[in-house]
Amino acid sequence: FTEVDKLRETLCEGMETFEQRQEDVISRHEVLRRIENVIEKLVVSVSEGEAPELRMMNRFTWSNVKFQETDGLVLKEDVSEVVLRCDSPSTAPKFALTLKLLSIVYKLVQSDSYATKRDIYYNDPQLFGSQITLDSIVDDITCMLKVPRRSLHVLSTSKGIISGDLCYLEEDGTKVDCSSSCAAVPVSSNVNGIKNIVSSAKFLLIVEKDATFQRLLDDDFCTRLSPCIIITGKGVPDVNSRLMVRKLRDTLQIPVFALVDSDPYGIEIMCIYKYGSRSMAFEAQNLTVPSVLWLGLLPSDIQRYRVPEDSILPFSKADERKLNSLKSRSYITTQPAWHKEIETMQTLKQKAEIQALASIAPHFLTRVYLPNKLRYGGWI
């Protein structure tokens with residue numbers, strides 16, 4: 001695949017002159033100090049007869065983020081905050097849970113031990129109420145302390161899986177071989193601890209859904225086509241899947257392609273890998289991969305490959321709203337080719353899943369569509 005090789009050479013040249021951003025190393029002592037500063041302010045408030053409060057960034061408003069081509073969605077300098085007061089019925093429960101989790105994190109960092117979010121939740125499920133609540137508070141604390149989440153010594157169980165020409169060592173020395181053609185390997189829960197990465201892959205392919213990923217495995221895609229790596233976050237990607245894509249891109253300096261459904265939600269998932277997300281903008285420099293290229297399924301491919309009508313789905317009102325939201329985002333306007341494809345989708349008011357290609361021929365995706373895309377540079 002000469003076009004892929006040319007693309008890789010271009011990326012390598014660009015990375016030679018590009019100052020790679022290394023993740024800030026924050027010592028355990030510094031993390032402890034920042035937690036102590038938070039608690040100290042609460043103690044001072046109580047001593048002065050005031051109701052203690054916690055201030056943290058509002059992670060769910062677009063007004064707090066801006067777009068940068070080098071990093072994707074990042075925080076603005078001045079951001080709006082959410083105030084958690086212990087004397088307010090609406091915020092007191094979250095105030096208490098945040099303090100509880102801060103105490104757990106402090107003990108973990110102090111003892112240099114680790115725990116998964118799932119472990120923490122099941123130690124007291126009645127207290128936290130739901131795993132989602134705990135996960136959100138962990139991210140709030142990360143943002144409040146301005147440290148990478150793994151600096152809290154809290155790990156998350158990965159939902160993503162990976163396969164292909166890749167071997168590496170986990171932090172504890174366990175060797176991981178992803179080259180089995182019939183099974184995938186779960187993405188590591190401690191991506192930053194991975195070392196000794198060995199691969200001759202020509203490219204990395206992000207696959208939106210598990211079903212498509214399994215189809216590629218069944219057809220022995222990684223060895224039949226070219227040495228490559230495939231990864232899926234099984235829909236909206238978790239942090240570990242995004243970290244893995246970023247680490248492999250930085251280490252191997254290979255092109256990263258995305259294979260997603262031709263619908264607004266598929267495009268948004270691809271944008272999360274490429275530009276990041278609003279709620280995790282505070283950690284964009286470690287998570288985003290702005291060089292991600294859209295390989296398929298392009299809206300224009302639906303007509304180009306004459307996908308059968310019975311495999312094409314009509315637009316819903318939710319699809320319209322999501323597409324309009326995407327069009328209004330600043331990062332789409334910097335991608336004329338992407339914008340054109342989105343306009344095509346909106347004009348035709350049609351969407352199709354990757355599996356729709358199977359209606360043309362059972363192995364059309366792996367033996368015709370993807371090989372041709374890679375051979376002739378059919379990405380944007």
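Yeah, the Cβs are placed from backbone N, Cα and C, and that goes for glycine too.
Caution: TrEMBL annotation is automatic and unverified by curators.
Here is what TrEMBL records for this protein:
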DOMAIN    94-154  domain 'Spo11/DNA topoisomerase VI subunit A N-terminal'
ACT_SITE  Tyr122  active site, O-(5'-phospho-DNA)-tyrosine intermediate
DOMAIN    203-374  domain 'Topoisomerase 6 subunit A/Spo11 TOPRIM'
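All protein chains considered, the CB of Tyr122 (active site, O-(5'-phospho-DNA)-tyrosine intermediate) has 11 other CB atoms within 10 Å.
Mean per-residue pLDDT, taken over the domain 'Spo11/DNA topoisomerase VI subunit A N-terminal' (94-154), amounts to 92.
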